[in-house]
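Written below as structure tokens is the structure these notes are about.
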């Protein structure tokens, strides 16, 4: 390809294009190539996981480009400059930040964080590191140059400009080295500035643009710390550009940490990674443009030309400082400031840092891969072993929360998500899972708070509207929920979950055709969205098309093999298809996977009951009674079993308990079951009434109310009886 | 009997909706009236606003026809009537008929548990109502009826008024919580959590 150094980014974008047009094989091939060219890229890895491939993190994230480093080494400032000139052109893509992530700003994901090293070398084909890094503020290392006060220039607004600076390895050195060379003259305009797009937020036409264009985008709203690299001064936030510093390769910038931790440079490295990932993961939804921005090395000369595209350059070079590639920061922290000599040191440091970064990437990669293959327990395990400053970041915790959610351990998930809200309350990605968790737990207050916060924060994100829809769905206002889910779809038509949720709402309002259409749309957008397959299965089950239902559930199960709920449903469907043996097997499997799922036991009991294995059914139900003592269905089924066994009094007792527990349920079935007992015997009603008054086992369930309703029910029955006598 | 007691008001149907046991399906039906005064028609009857009402403009009986696209299970009808504001326009005798079409309607026995009197009448008798009236629509086996069409006929008004006001009517269908299996609903969150994947 003709893209040379930026081939990896190009390939990654090409991969996206292929995937969107359903050519998954080619897409995954492109992603693999891209990763082989630049192991620092996270988003192709993420995409690979999401399309179902299983890239091996160990293989992927390893440093093979060491030679690049070394080749970078000898560059001193001067040489660097020349190098810069040559290699400068990196394509810059800007990452667009989605409005919602303020933090994510950095998106530029440092995909190629280290590629900087290579990039410096003209020959290296490594990608450039987008260092959006920003953080600035800290320490202006080095001599003054700069500083890039650029900040000033850059736009105040949200500035998250992600400017990736091509920090080449040498960059550290050279860049810093260069700084002193360059005078912070405004003339230089440093390309950086251009990047930062001075003030205007330029949305780069994403995708695609592998072309060298610097586009800086400023995302809006977030206004949160910006990682702008170069002084994004734009950001009002403290970003501060660190600036370049003199010879020392260190870029002082300490990346602004998203997490409140640390300022210390040593932490920078790790933090940066998490940010990196965070930003990556937060797919720019909105624009879905992920442009990697490459930040050309700060070479004053070049910059001006390259960047001229975008306006405003106000800042003087600064850029260099911005580069903060992670490594740089670590290196910076070292505070080595010296001129040439340290370059070698710098290099080794950088290498070490790169290695550290790689190992982090490996771990995260393993965790993410496990999660995408729904190997949730392992994912949780891997991710929990990350060092705490990584663990306590939004992205990691969200992944863990999602893993718990997929395991149906909603309490745990809720706990983790509330932690995310606490530490990163601007984070919107991943919150749709939190809202569904709260929906399952029926915590309506928390859910409505969440949805209000999210919609206030970012009206353009589908997650916020999904949360709002979930909130109203919990309140049973399905029409309003439908409206919100449709809004979520409008905001982002490529967001599969919104379609799924909308489909569920249509099922609840009994508009099954529309529901079918929605689920199919969800699958069109993302064929690995097992919730949509499940939804289709449910609809077919409702329409009694059991074999179709089984097929769809099976597809869902293929994607997510550890879901006990799915297995349970399959078991029930198989039973409906009269394959009771298989049903029992499936249910046993479900119980083995998740012994805490009471419904599996319940359905197993009902299958046993249908097969007339009353004793085992009873045993199952007794166990269930211990686990969930307040569930009326359990008593109902026990009653039915006793009825079949001929123990009518016990049956009646259980039926009455069931009715107690479900007074408003208007369970006609229960009443019917009881009534049938009465037909043959006229004096039963009275006996029943007595029984009802005698056996009130539960004080808990609004006794008065339940008593009253039971009594009234009894009245009704009597009345009916009387009536029938009359007429 | 002697002085009939006043019809006590029923619960707000919104409460009923929140229990999740019923769902309002008036929006799935076509509504028509036997007559109405301009500006006081179906929209006012279905606008969720108790201040606006339908006013009939013809001869008795005044009819409200509700036609569904497909045979629907209907559990409860909720009518809002208020003697204090409507006085002689307040309906006093209502008959509910169901069937497949206009020619096929049959009266159903409508009674409200809440009424002290008139339990056995074939028609619903209201005495100075002051709120929501819940009319359960059940057949002889006490199950909700399945029908294409419902017709509410106002046969008489208070103080022998000619025309009638009706402020709001809602139709409820039972929610089939058939998550899986032909069982009634779960009551505990523990069960409900595992009931479906969302």
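Quick reminder: no glycine exception, Cβ is built from N, Cα and C everywhere.
Residues or ranges marked as region 'Disordered' in TrEMBL: A:244-317 (among others).
The compositional bias 'Low complexity' annotation in TrEMBL covers A:244-256.
Per TrEMBL, the feature compositional bias 'Polar residues' maps to A:275-285.
Positions annotated as compositional bias 'Basic residues' by TrEMBL: A:290-308.
Summed and averaged per residue, pLDDT over the repeat 'TPR' (A:462-495) gives 93. If you look up TrEMBL, you'll see A:462-495 (among others) marked as repeat 'TPR'.
TrEMBL lists A:496-529 (among others) with the feature repeat 'TPR'. For the repeat 'TPR' (A:496-529), DSSP puts the residue distribution at 27 helix, 0 strand, 7 coil.
Feature annotation from TrEMBL assigns repeat 'TPR' to A:530-563 (among others). Under DSSP, the residues of the repeat 'TPR' (A:530-563) split into helix, strand and coil as follows: 27 helix, 0 strand, 7 coil.
According to TrEMBL, the feature repeat 'TPR' maps to A:564-597 (among others). Using a Cβ-Cβ cut-off under 8 Å and counting only residues 6 or more beyond its ends in the same chain, the repeat 'TPR' (A:564-597) has close neighbours at 407-409, 530, 534, 537-538, 541, 546-547, 549-550, 553-554, 556-557, 603-604, 606-608, 610-611.
Residues annotated as repeat 'TPR' in TrEMBL: A:632-665 (among others).
The region 'Disordered' annotation in TrEMBL covers A:695-727 (among others).
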Residue distribution over DSSP helix, strand and coil in the repeat 'TPR' (A:462-495): 27 helix, 0 strand, 7 coil
